[in-house]
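Annotated domain 'EamA' per TrEMBL: 3-99, 130-269, in sequence order. Marked as transmembrane segment by TrEMBL: 48-71, 83-105, 125-148, 160-181, 193-213, 225-245, 251-269.
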Amino acid sequence: MAPFAFILDKKVRPKMTVPILIKLLLLGLLEPVIDQNMYYIGMKYTTATFAAAMYNILPAITFILAWIVRLEKVKLKSIRSQAKVFGTVATVAGAMVMTLIKGPYIELFWTRGASHQSGSGGIDIHHAIKGASLITVGCFSWACFIILQAITLETYPAELSLTAWICLFGTVEGSVLALIMERGNPSAWFIHWDTKLMAVVYSGIVCSGLAYYIQGIVMKDRGPVFVSAFSPLCMIIVAIMSSFILGEQLFLGRMIGAIVVVVGLYLVIWGKSNDYNSTPPSTDEKISSMKTAESFDQEAIIIDVHDKKVVTSKEQLHGKDDPTIV
């Protein structure tokens, strides 16, 4: 991201100041360090689908934080504001249904005969609680990151440069944390040509670099709540892909929870659609208004040849003849 930011953000990149630097350090700490580490550790105690399902509380946390810092306007008497509130609650409810209610197992033709030991049915209750707690902490950190990114973009409106700085500071802070936690264990730093390397590269390029950049572009126009409202789709995609790749079981409770999540997502989008209905004036309207303003600001100077008197265009309207306009 850094080469693109260096070339494309030359004209829009503002000067670095101490407040912006502090925000960048916090952004690098909140998401690349705290959120991702908590998410990965929580996934280790549970499963990929369980971790993705728990992250559906992100829209609710982001909505509350945006409301507190006045980035999101809510009028409880408005039906669209009510839709945003109920939609956010529905996403959380759907996530809880997916997490707590399993129901009967749904047999799919690509999971027949597959071993389901890695599925969510074999999660130990203590590991599930520990994993859910860690994922919740990471989700709160991710919500704080979204809010802080929206605030930072107001004074640093260069999405590419902001992404590059976040990744840089996140790398430095994450490296310091890893050196402390993995001291005396040099094997943890070994990377081979395997899925571990693929996971690291994909996470850095897609989950961090491209995600921060695209998120920043959308956030400048639609706000942080709109961005976080789409996070429940991750759970549905992960549930489908994990059944193909990891052979995880799909239960009826997860299917019902997914439907509730999608309904809540569309409620939030419909509720926020009215926030962006104001259209800018057309070009003809702008030109007409400019001409009207100029007609009141400008006044012609007229010299009467017979009386040798300087009059204005307003005086001409009261009966002056044969003028010479200068």
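Here the Cβ of each residue, glycine as well, is placed from N, Cα and C on the backbone.
Note that the structure is predicted; figures quoted are calculated from it, not measured.
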Long-range environment of the transmembrane segment (48-71) - Cβ separation under 8 angstroms, sequence gap at least 6: 39, 42, 84-85, 88-89, 91-92, 94-95, 98-99, 120, 123, 128, 131-132, 135-136, 139-140, 142-144, 146-147, 150-151, 223-225, 227-229, 231-232, 234-235, 238-239, 242, 246, 248, 254, 257, 261, 264, 268
Intrachain neighbours beyond the transmembrane segment (251-269), with Cβ under 8 angstroms and 6 or more residues off its ends: 49, 53, 56, 59, 83-84, 86-106, 120, 225-226, 229-230, 232-233, 235-236, 239
Counts by DSSP class (helix H/G/I, strand E/B, coil) across the domain 'EamA' (3-99): 76 helix, 0 strand, 21 coil
The domain 'EamA' (130-269) - residue tally per DSSP class, helix then strand then coil: 118 helix, 2 strand, 20 coil
